[in-house]
């Protein structure tokens, strides 16, 4: 039934997916990146939901969340690519709506992967959720012109650093130390994505809003699209890999 609903949902989405494009210029690399990421997100969503049948019960929720992350992003990318191709404007509102839903889910994955293998306090999830929301809210305020770009950038980066601390040296790391080697390996890899993969976002913000006349919506969106590809899809694949390994050893 789950697979049937997934296929049905994909079929329903296809007309909208096909209609929101217009002509794509071969030299518009940002537009091409929108299309590539959209297709990759859909493929990843199908993959994660189908692969739920391969893992044990305690890992199914993690794969479900991975599928939700890529599925929600796919839906918003259908609209974002349309805005870009038709107007050439940065789809800031659509992008932040997407991030407001998917970034807390990505953060939730850290809690879920630890909860599946060891005991972890619920306070960790609350801290990470607050940190992610602060990062997103101030990022949006800076991009939307609600507040000055530099202060918003600094506050957002501080929230990101706070989350890294909690995961690298705080409650998250303490819980990870009691998990299996496979879970620890996955956790550490996810940490590197949070540190280096998420660093792509402030690079995009800086390029688009803090470089004066040198900034451009083209560079901003190309960088953001790359970041979403890495952080949403690769993140989920790491979860899938450890889930399959742990399930086969059970």
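Cβ atoms here come from the backbone N, Cα and C positions, even for glycine.
The topological domains that Swiss-Prot gives for residue 28 and residue 218 carry the same name, which places both on one side of the membrane. A contact links the transmembrane segment (30-53) to the transmembrane segment (219-249), because at least 3 Cβ pairs that are 6 or more residues apart lie under 8 A. Spacing of residue 109 (site 'Primary proton donor') relative to residue 98 (site 'Primary proton acceptor') is 17 Å (Cα to Cα, whole number). Among the recorded positions 98, 143, 232, the ones whose Cα is located within 10 Å of the Cα of residue 106 (site 'Responsible for spectral tuning') are 232. Around the Cβ of residue 106 (site 'Responsible for spectral tuning'), 23 further Cβ atoms fall within 10 Å across all displayed protein chains.
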